[in-house]
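**Q** Structure below; questions to follow.
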Amino acid sequence: MLLIGVAGTTLSAQEVDWLQDDAVAGVVLFKRNFASRAQIVELSAALREATPRPLLLAVDQEGGRVQRFHEGYSALPPLQGVGALYARDPEAALELAFEHAWLMASEVRASGVDLSFAPVIDLGRGNRAIGNRAFSDDPHVVAAFARAYVQGMHAAGMPVTLKHFPGHGSVLEDTHVDLAVDVRPLETLECEDLVPFAAGIAAGADAVMMAHVVYPNVAPEPAGFSAHWIEVILRGRMGFRGVVFSDDIGMAAVRGVGSVAGCVHAHLDAGCDVVLVCHPELVNDALSAVAGRRSNTAALIGLIGRGALGWDGLLADVRYGSIQSRLLERFGTST
């Protein structure tokens, strides 16, 4: 039901107490939680030991400027860099996307973390928050990359989360700091922004993260608070059967929805399976809000990883060094 954030590199007594609540489905990790590779492995183990229930551990490890784990991890290029190769050599570009996905997912899983919220398949059309996180401005090119990235993450044993549905890339506003409104009709969105999502879903994506963007000609609420977007379009028309995550309720774009409790209930009532409460100062209010609400975590069990190699196993895998070398040769260490 809730995926919460914790404050630092170790767990406080209060955070351990939070994890005992059945409403807490897991924890999302950030740069503030990272000190070293060994420390993340220890923190992941401590989180799992803190509760007898299965716990989902997640991170945003996209590459480029959105990479929470640094020292000891590959300096992954932003997706725009991979996408730029497509015009010259589509086959090579898609192979690099597969390898980018495999490398990212393998390192995250080796650290004891189940999934990275990836890939971004928003269109790269000037949005301040998306920027070079997007593969391309062409929906059909992004669709091809979505398929390759799904395959690469799955090859590493990691579930895939497509984001940010139904598409964040065609508005300028950054929803971390402002409300974003996209006035295009559904017919236009279906021919553009939804094309990569349809491709990713068809390729077997396991989850979708919603956008805090309002599409007033489709529904009056931000998409993550809209049953029309989630139940009618995503699950109904597009046939998606996986897990639906909200984006973080601490972002400025959701302030108009109301209180922490109002945001949590609105997401769940609209059809989100999991609500992200990334700021620790909001966790108590979120837990109070859902007290007594029935928790259904069955959908999440399939996202919790099994059989990861660990770092010793990954470092011994011949694919690891060769893929690292190819990405380094192509992109250097620039992020």
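Every residue, even glycine, has its Cβ placed from backbone N, Cα and C.
What Swiss-Prot records for His176 is active site, proton donor/acceptor, and it gives sequence analysis as the kind of evidence. Residues annotated as active site, nucleophile in Swiss-Prot, with sequence analysis given as evidence: Asp247. If you look up Swiss-Prot, you'll see Asp60, Arg68, Arg133, Lys163, His164 marked as substrate binding site. What Swiss-Prot records for Asp174 is site 'Important for catalytic activity'.
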**Q** For the recorded positions Arg68, Arg133, Lys163, His164, His176, which one has its C-beta crowded by the most other C-beta atoms within 10 angstroms?
**A** His164
**Q** In angstrom units, rounded to an integer, how far apart are the Cα atoms of His176 (active site, proton donor/acceptor) and Lys163 (substrate binding site)?
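**A** That comes out at 15 Å between the alpha carbons.
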**Q** If we count other C-beta atoms within 10 Å, could you say which of the recorded positions Asp60, Asp174, Asp247 has the fewest?
**A** Asp174
**Q** In whole Å, note down how far the CA of Asp247 (active site, nucleophile) lies from the CA of Lys163 (substrate binding site).
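**A** The Cα atom of Lys163 (substrate binding site) is 9 Å away from the Cα atom of Asp247 (active site, nucleophile).
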**Q** Max Cα-Cα distance in Å among Asp60, Arg68, Arg133, Lys163, His164, the residues listed as binding substrate?
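**A** Max span of the substrate binding residues, Cα based, is 19 Å.
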**Q** Among the recorded positions Asp60, Arg68, Arg133, His164, Asp174, whose Cα is within 10 A of the Cα of Asp247 (active site, nucleophile)?
**A** His164
**Q** Whole-number Å only: compute the distance from the Cα of Arg68 (substrate binding site) to the Cα of Asp174 (site 'Important for catalytic activity').
**A** 19
